[in-house]
């Protein structure tokens with residue numbers, strides 16, 4: 001701000017007051033700040049930068065006393081390096097119209113002093129100047145008040161941030177304390193109850209000779225669990241009763257009570273089919289204990305020929321009812337989902353906590369498993385498949401093939417983003433119909449991430465879309481998804497005429513209809529979502545680079561001086577990149593349209609930047625990967641290949657490691673998603689423990705009861721609707737593999753019940769459709785979802801439970817609705833049974 005005297009005679013004295021952002025420098029005023037006069041006589045000998053003395057005078061023209069500062073006290077405050085500037089001690093909260101008399105006693109001089117006498121015209125000009133100065137003083141005062149208000153707001157904001165930080169620390173402390181207490185409590189409960197173990201007893205039964213035993217010592221028990229092992233089949237007998245089977249009769253005497261004068265004898269019959277292939281199968285059944293009387297068990301075989309049938313029998317008394325065990329299982333499952341949904345802990349740790357809680361619950365009810373038994377619950381075939389394919393993909397990424405595929409996909413889409421997403425989703429759905437879903441996403445995820453980085457897209461949204469269509473496509477064939485494999489492999493269903501071709505024919509048509517509806521629905525769900533990043537690609541890549549550098553620094557454990565030095569260098573690199581990012585954010589601003597108009601020019605630039613880096617390694621990788629995929633496909637048709645998917649993936653990884661001649665093996669191991677593998681191991685233990693707590697069995701039995709309650713003329717349609725939706729909702733919450741394995745015998749018993757007489761195959765199609773499509777409901781509903789999320793997180797693009805849920809759950813609802821309508825038309829209207 002510049003204050004000048006308009007009088008020509010006083011033009012020689014110019015006083016400049018610069019208002020800076022950090023300090024406010026103002027001229028001193030009289031006790032009456034209503035009028036301000038800053039003048040300097042031309043005849044004065046004052047140096048430039050000094051002010052006149054000021055003496056009080058009752059100005060007649062002005063009506064009030066006006067003053068100017070005396071130079072001896074105010075000093076040369078504009079001279080650079082002057083000590084007067086230090087004496088003034090201006091601060092950020094110093095008012096612009098600062099009274100110098102508050103700091104020092106200033107002498108005042110009347111304005112009617114001879115040296116200040118001027119002509120009438122100049123005096124009028126002075127009055128005008130005074131009015132302007134008064135207006136200026138008021139504005140400056142307003143600015144000072146505004147600055148003070150902003151500082152108060154800033155202080156309030158700082159105080160609010162401090163309160164939020166303190167609250168965050170309290171919440172974090174409560175979380176850690178609560179989880180630690182929970183873990184300690186579960187550990188104590190698990191350690192208090194010993195491992196009872198199962199004592200198997202060998203016995204032989206025949207049509208002419210049965211086996212009987214009396215059990216006692218169950219004073220505090222509520223449930224009797226019987227385990228039968230041998231050449232058995234998990235399923236009830238058909239209505240004809242011609243199959244060979246074993247009948248287990250459990251009898252107990254209920255003592256006389258208040259309502260009964262005589263004791264009552266309770267009898268339970270359990271029929272188990274014999275397997276002609278003599279496979280070793282373990283089946284279990286629970287029976288309620290109604291009294292403290294001894295329990296009698298009798299086993300007899302019903303055979304077409306007289307022969308002995310060897311069996312193994314084990315029994316165990318449990319201290320909690322089935323309802324109590326189911327309630328505890330539901331509470332544990334709800335707790336695990338709460339930890340994952342709200343991201344209280346990492347999903348791997350959440351699965352481990354859930355597994356520990358389930359094991360503690362089993363220990364309390366008297367069914368604590370041994371460590372060997374718990375390890376047997378882990379599906380090592382799935383883990384071997386994941387590990388082998390991760391090794392293959394890690395070596396494959398060294399060739400630059402993923403970058404090349406990304407550029408080709410961009411070229412085929414001609415710069416249209418949604419055309420490219422449509423092609424990626426369609427390719428993923430088709431490939432997953434003939435390969436395992438996990439294998440499909442292990443191959444597609446790196447390509448998609450690199451493609452999105454090239455096009456400045458958000459990879460999270462595209463990856464979620466691919467996962468959804470991978471799960472949909474996997475339901476089309478008998479080998480696309482594990483539930484389908486379990487259903488087709490069942491021997492009882494094979495006897496009913498279920499084969500690969502028939503199953504695929506039924507499922508393929510329904511999945512095609514689901515795909516046709518799911519694509520428009522996905523586009524509708526993405527309608528208001530910005531697929532492009534809001535910032536330029538340079539900024540996005542720089543942020544991602546900072547994130548990767550920081551993760552790398554955090555993963556280095558400072559065990560030695562050299563590692564500490566390397567970690568320090570990485571952190572310095574992070575600081576340098578953050579400084580560069582701040583400069584880029586200040587410089588670059590651009591808007592990106594939803595369709596790239598200059599795609600042809602971009603293609604040429606991308607082709608120059610992203611090429612195949614190692615052609616010889618690419619040939620080796622393609623050869624091994626082609627062999628592995630071929631073996632995956634032939635494994636389901638050629639009986640001479642005695643290798644499962646896990647062995648094929650492991651052998652392929654070993655082959656490629658030999659051909660690639662990689663000396664630094666730790667680099668490849670660093671690219672393996674160990675957190676994902678550990679999550680699956682914990683999830684397998686959790687789901688198997690929940691199965692032992694009778695959760696899955698309870699859901700199946702309640703579904704069967706609901707179907708029996710429906711009138712007979714509507715029972716078939718109601719069964720299809722119930723099975724589809726129960727399977728879909730259950731598979732979105734728990735693993736669909738144990739659920740499918742448990743529901744198959746339940747549905748077989750339901751179809752073979754003479755009172756219901758429902759066809760079994762349509763029920764199996766409904767089970768397969770619901771179990772496969774239900775995996776899109778939540779992030780942990782299918783193995784494919786977890787694998788994709790783990791790889792994306794490894795690349796710095798992880799997505800949360802809710803991000804997947806907002807897109808996956810609506811697609812799951814719509815796809816299950818379309819699939820249900822297809823099954824109703826095919827089996828109710830058309831009668832394709």
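Heads up, residue numbers simply count up from 1 along the chain you see.
Every residue, even glycine, has its Cβ placed from backbone N, Cα and C.
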Discussion item. Would Swiss-Prot have residue 484 on the same side of the membrane as residue 714?
Written reply: yes
Worksheet item: Looking at 697-717, 760-780, which one is transmembrane segment according to Swiss-Prot?
Response: 760-780
Worksheet item: Of the residues 99, 214, which is given the N-linked glycosylation site tag by Swiss-Prot?
Response: 214
Worksheet item: Of 210, 749, which does Swiss-Prot mark as N-linked glycosylation site?
Response: 210
Fill in: Listed as N-linked glycosylation site by Swiss-Prot, one of 269, 437
269
Worksheet item: Looking at the glycosylation sites 210, 214, 269, which sits with the largest number of other Cβ atoms within 10 Å of its Cβ?
Response: 210
Item to complete: Pop the mean pLDDT for the topological domain 'Extracellular' (781-810) in here, whole number is fine.
Response: 90
Fill in: Surrounding residues of the transmembrane segment (719-739) on its own chain - C-beta under 8 Å, 6+ positions past either end
333, 337, 379, 481-483, 486, 683-684, 687-688, 690-691, 695-696, 699, 703, 706-707, 710, 747, 750, 758, 762-763, 766-767, 769-778, 781-782, 809, 812, 816, 819-820, 823-824, 827-828
Worksheet entry | Contact call for the transmembrane segment (811-831) against the transmembrane segment (502-522), three or more Cβ pairs under 8 Å | yes
Fill in: Same-chain residues near the transmembrane segment (382-402), Cβ under 8 Å, at least 6 residues beyond its ends
436, 438-439, 442-443, 446-447, 450, 610-615, 617-618, 621, 624-625, 628, 645-653, 656-657, 660, 662, 668, 671-673, 676-677, 680-681, 684, 783, 787
Item to complete: Please report how many Å separate the Cα atom of residue 269 (N-linked glycosylation site) from that of residue 210 (N-linked glycosylation site), as a whole number.
Response: 14
Worksheet item: Under a criterion of three or more Cβ pairs within a distance under 8 Å and sequence separation of at least 6, are the transmembrane segment (326-346) and the transmembrane segment (676-696) in contact?
Response: yes
Discussion item. Are the transmembrane segment (349-369) and the transmembrane segment (173-193) close enough to be called in contact, which here means at least 3 C-beta pairs under 8 A that are separated by 6 or more residues?
Written reply: yes
Worksheet item: So which of 173-193, 418-438, 676-696 is most in touch with the transmembrane segment (618-638), counting Cβ pairs under 8 Å?
Response: 418-438
